Each structure stands twice: as C-alpha cells, then as structure tokens.
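S.K.: Dumping what TrEMBL says about this protein:
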type    : residues                                                                   : note
BINDING : B:LEU9, B:ASP84, B:GLY87, B:SER112, B:ILE113, B:LEU163, B:VAL222, B:HIS252 : S-adenosyl-L-methionine binding site
DOMAIN  : B:1-168                                                                    : domain 'Tetrapyrrole methylase'
Protein chains: 2
Amino acid sequence: MFYIIGLGLCDEKDITIRGLEAVKSSSRVYLEAYTSILMVQKERLEAFYGKDLILADRDMVETESDEILRDADTQNVSLLVVGDPFGATTHTDMILRARALKIPTRIIHNASIMNAIGACGLALYNFGQSVSLVFFTETWKPSSFYDRIKENTDLGLHTLVLLDIKVKEQSDENLARGRKIYEPPRYMSIPQAVLQLLETEDNRNSGTLSADKTLAIGMSRVGGGEEHQRIVCGTLAELASHPSDVFGEPLHSLVIVGKRLHPLEVEFTEGFAISRNTWRQVAKSIYGCALD
Amino acid sequence: MFYIIGLGLCDEKDITIRGLEAVKSSSRVYLEAYTSILMVQKERLEAFYGKDLILADRDMVETESDEILRDADTQNVSLLVVGDPFGATTHTDMILRARALKIPTRIIHNASIMNAIGACGLALYNFGQSVSLVFFTETWKPSSFYDRIKENTDLGLHTLVLLDIKVKEQSDENLARGRKIYEPPRYMSIPQAVLQLLETEDNRNSGTLSADKTLAIGMSRVGGGEEHQRIVCGTLAELASHPSDVFGEPLHSLVIVGKRLHPLEVEFTEGFAISRNTWRQVAKSIYGCALD
C-alpha cells in the first residue's frame with residue numbers, strides 16, 4: 001500500500017492515530033518538504049515516529065516517483081506531507097502514477113491552511129477561491145492573483161492569500177552553470193505581501209485594494225496554539241507598517257476581508273486588531289457592516 | 001483549558017495525537033453530534049479514548065454553553081466536533097463565550113470536508129464559496145444557494161455543496177405542542193440533491209445548471225479510505241438516475257464542476273465517471289477543456 005499522509009500544521013503530534021499506524025507499518029517513509037513546512041525539524045519527527053525519514057525534495061517527487069513507489073505493491077510505503085495531501089497538485093500526480101502502476105493507495109487526511117484559516121474568525125463559507133502570491137523580482141511581477149482577488153472582492157468574499165516559500169532554490173547563475181548550490185530558504189512576510197498587493201493595485205488601478213479601506217488579517221503558524229499562532233487584524237496600511245517580527249517564524253498567511261463581512265465576524269476578529277477603533281470604523285463605514 | 005478538538009471525518013483513529021492527549025487529560029468530554037457525524041458510534045469512540053462522552057445536542061451547545069465551560073479555568077474540558085472546529089459557526093460562539101469568561105481555549109485542528117474534498121481530484125484553489133443545501137418541503141424551498149452557485153459558475157469555479165442533515169429534529173406538530181419527540185435522522189442523498197438543484201434551475205431559469213451539460217461529482221464518506229469512500233462523476237442527469245445505494249451510508253457531498261476545469265483534473269476524475277465517454281465529451285465540447 002502507498003500511503004500519502006497529511007501531517008497537519010504544527011509539529012509531530014498533529015499526525016492522526018491512523019497516520020501514525022501507517023508510518024510505523026511502512027518499510028520506507030518519505031517526507032515532502034518543499035510545498036510547505038512544519039514548525040519542527042525532521043529529527044523531532046523521526047524520534048517521535050521511531051522511523052528514519054527520507055527527505056523528498058521537488059526534484060525527487062517530480063522526477064523519481066517510481067523510486068518512491070518502488071515495492072509499494074508488496075510493502076507499505078508512506079509519503080508524509082505538511083497539511084493535507086491535496087494541498088498541492090504534485091501529490092495528485094503521485095496518485096495518478098500509482099494508479100497507472102496498479103499500486104493501491106490510501107490518503108490520510110489532516111488539517112491544512114485551507115480549512116484551519118477559519119481560526120481567524122471569518123466563516124469558511126464566505127471565502128472565495130484562494131490565491132498564491134510569489135516573490136516579485138525586478139523583472140518578474142506576475143499579477144494573475146490580482147484578477148482572482150478582484151473576482152472575490154467583487155462578490156464580497158474573503159480571500160486566503162498563500163505566501164511564497166522558496167526552499168532549495170538555485171540562483172539564476174548557479175542554475176545556468178549547473179551548480180547544485182542552493183540559496184537559503186526564504187518565506188514571504190506579511191508586510192512584504194501587503195506591499196506587493198499595493199504595488200499591483202497601483203499598476204492595475206481597479207480600486208480592488210486600498211491601503212486604508214481594505215481590511216486584512218495576517219496570521220502566522222496557524223494551528224500552533226496560543227503560544228505559537230499570531231493573528232493580527234488591520235487595514236493593509238496598518239499591516240504593512242506593523243513590526244514584522246511580531247509574526248515571528250514562518251509560515252505566514254494573509255486574508256483579504258470581503259464586503260460580506262458579518263457583525264459576528266467583526267466581533268470575533270476585533271480582539272486581534274492593531275486598532276480596534278479603526279477595524280470597527282472601516283467595517284462599519286466602508287464595508288457597511290451593521291455594527292452598533 | 002477548554003479544548004475544541006476536531007475528530008476528522010471517519011472514525012476513532014482520525015483524532016490527532018495532540019487531540020487524544022487533550023481528551024485523556026480532560027475531566028469532562030463533550031461530543032457535538034448535530035452539525036455532522038462520524039462513520040462510527042459514540043461507544044466506539046469511548047472505548048478507544050478510555051473516556052465517557054457526554055452527547056451535546058444543538059440545544060445544549062446553543063443554550064447551555066456555560067455548563068459546558070464550567071470549571072474549565074481550573075480543569076481541562078474538551079468539546080469534540082466532527083471535522084474541524086471551524087466548520088460550524090456554533091463553535092465560534094463557544095470560543096467567544098469562553099473568551100468573555102476569561103477561560104483559556106485551544107483549538108486542535110483536523111481535516112474537514114472543506115479541504116478533504118480535494119480527494120475528488122479537483123484542485124482546491126479552483127473552488128469558489130461553498131454552499132449548503134437544505135431539504136425542500138412543499139412550502140419551503142429556500143434557493144439562495146442558487147445565487148452562490150451562479151456566482152461561482154459565472155467565474156468558472158467549482159462549488160462544494162454540503163447536503164442537509166436532520167438530527168434530533170421535531171415535527172412541526174410536536175414542536176407546536178412542546179412534545180420532546182424526535183424524528184429519525186435524515187441525510188440528503190446525491191440524487192435528491194441533484195433533483196432539488198434542477199428544480200431550482202427550472203424556477204430561476206438562468207442557465208446556470210443543466211441536466212446534460214453540467215458535470216458534477218457525488219462523494220460519500222470522504223476520508224473513509226477505499227473501503228468506504230465513493231466518488232461518482234457524471235452529468236447532473238446521470239447522477240440523478242444513478243442508484244442511490246451506490247453511495248451507501250452518509251454523509252454525502254456534491255461538487256458542481258466549473259468551467260476552469262483543467263485537463264489534469266479530467267484525467268484524475270474520469271476514472272470515477274459513470275460514463276467516461278460522456279464525462280470527457282462534456283468536458284471537451286461544453287467546458288472547452290483542451291483534451292485530445
């Protein structure tokens with residue numbers, strides 16, 4: 001059996017009982033670690049699971065899937081992924097490959113940012129499509145995410161913005177010269193994400209986003225519990241100038257609040273606001289939320 | 001500490017290690033069982049957790065929250081919910097109440113239908129807002145869900161449709177007479193849901209849904225593994241006339257496929273199609289999907 005097992009969002013204890021049993025029964029266990037990261041290191045997982053883990057980077061998952069699937073028709077093999085197995089299309093590819101090889105597969109689900117984002121206090125059914133925001137460079141500023149955010153905000157829906165992570169990336173020069181030298185990991189911060197959003201609004205100028213009139217929620221280490229998780233609510237301008245170190249270690253996510261904002265959602269979120277007054281004021285006067 | 005613990009989707013083994021530790025440390029453990037259900041009975045959970053569970057019905061969660069929260073400032077108390085704690089707004093209310101009482105809370109996330117629906121093979125970032133479909137009666141056929149589906153399909157997005165469940169409901173007569181007699185539980189089936197969708201399309205007539213030109217995916221017991229989970233893909237007409245018992249026990253969910261359908265999504269889903277030919281044909285000619 002080939003298992004793809006979601007690890008959840010935080011640490012070694014977020015695996016499910018079913019997932020842990022599958023890990024313990026496996027002759028090889030791979031850890032996929034480039035579409036997302038946990039808040040702990042591989043060694044801590046290994047100690048807790050009582051298994052050595054084989055790190056599977058993007059290269060390996062995309063080009064050596066047959067090696068990962070080797071003998072999975074006669075033994076158990078597990079691929080561990082942060083969050084839920086269906087967070088990244090790469091894992092869908094693995095399932096298709098297993099299917100072609102007639103290897104039975106079992107998906108073990110877990111929390112992912114796609115549902116745990118509810119922790120910010122906004123109702124999940126008021127979210128539209130989610131978008132990914134990649135690091136801009138001097139010459140490459142892809143902005144299709146902006147069209148998706150506009151579609152959501154035009155309908156009054158909230159948008160989950162997933163912030164880029166760069167793990168085991170090569171510089172252009174090293175890539176061109178075929179040198180396997182990798183840059184240090186980079187994780188987009190909330191202020192950086194907000195600045196990219198506002199830069200894109202400046203270029204597109206459709207009035208979808210506004211520094212002072214768009215509410216947003218920055219979150220870090222969602223699912224990590226009170227001692228790790230941070231939730232900060234404010235206008236885009238407030239979030240852009242908020243001290244970046246408040247959010248601490250990665251991963252960070254951002255929610256753009258839509259106009260269908262409900263008074264109960266305001267009540268829940270205002271406890272996390274940089275300025276409760278501004279939060280309520282914008283919710284009431286710009287969003288038209290029926291507050292006292 | 002007041003814990004709200006997601007149980008995931010299937011059975012007693014879908015709880016996380018963190019969740020199980022919290023349950024075992026709690027002096028009282030409540031099981032919320034009206035917004036969703038697991039695939040196993042309470043007794044099986046009790047045997048596995050080594051704890052008695054107190055059933056918390058809608059009445060109790062909505063009107064006796066202070067009793068649930070009693071002593072949670074000095075002891076651990078847990079509320080177990082199917083899926084993830086943020087699947088239902090009721091749980092947001094409980095957190096607000098705990099916050100007002102200055103009781104520390106901790107959310108333990110898990111898979112919910114909102115992210116596990118990815119198992120159908122459609123990419124989560126191509127989903128728009130999700131909708132709930134309630135049982136129609138002769139005199140009450142609320143159709144606001146239709147506007148939401150139209151918003152999604154106009155953008156080409158997929159829609160997750162959550163099907164109604166009725167647990168511990170009173171008949172109008174018993175309610176009027178104040179008799180605490182409850183109807184047997186009811187769970188909406190896929191064909192029933194499809195018929196309600198098509199009935200609403202007949203009334204609204206906006207061309208959003210079509211018996212022969214709209215693709216949809218019926219799923220049951222998502223997260224239950226190969227031996228429980230069913231995925232059936234077809235046009236609405238095909239799903240409406242598909243034998244209902246194929247889907248088996250609840251819970252059932254439905255996905256309306258949007259026009260942004262990607263060839264890789266077709267490749268993944270066609271293995272579940274009632275008629276692979278029809279599935280590919282509609283995907284190609286109606287949805288404009290670039291298939292061979």
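From the backbone N, Cα and C atoms, a Cβ is placed for every residue, glycine too.
Quick one: where do these features end up spatially?
M.R.: When secondary structure is read from DSSP and collapsed to three states, B:LEU9 (S-adenosyl-L-methionine binding site) falls in the coil class. Around B:LEU9 (S-adenosyl-L-methionine binding site), the C-beta neighbours below 8 angstroms that are at least 6 residues distant in the chain are B:LEU38, B:MET39, B:VAL82, B:GLY83, B:ALA111, B:SER112, B:ILE113, B:ALA116, B:ARG221, B:VAL222, B:GLY223, B:GLY224.
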S.K.: Once the chains shown are all counted, how many other Cβ atoms turn up within 10 Å of the Cβ of B:LEU163 (S-adenosyl-L-methionine binding site)?
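M.R.: Its Cβ shell of radius 10 Å holds 22 other Cβ atoms.
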S.K.: Note the mean pLDDT of the domain 'Tetrapyrrole methylase' (B:1-168), expressed as a whole number.
M.R.: 92
S.K.: Counting Cβ atoms within 10 Å across all protein chains shown, which of the binding-site residues B:ASP84, B:VAL222 comes out on top?
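M.R.: In terms of Cβ crowding, the pick is B:ASP84.
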S.K.: State the count of C-beta atoms found within 10 angstroms of the C-beta of B:ILE113 (S-adenosyl-L-methionine binding site), not counting that atom itself.
M.R.: 23
S.K.: How far apart, in angstrom, are the most distant Cα atoms among the S-adenosyl-L-methionine-binding residues B:LEU9, B:ASP84, B:GLY87, B:SER112, B:ILE113, B:LEU163, B:VAL222, B:HIS252?
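M.R.: If we measure all Cα pairs in B:LEU9, B:ASP84, B:GLY87, B:SER112, B:ILE113, B:LEU163, B:VAL222, B:HIS252, the largest is 17 Å.
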S.K.: For B:GLY87 (S-adenosyl-L-methionine binding site), what is the secondary structure by DSSP, using just helix, strand and coil?
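M.R.: Note: B:GLY87 (S-adenosyl-L-methionine binding site) is helical by DSSP.
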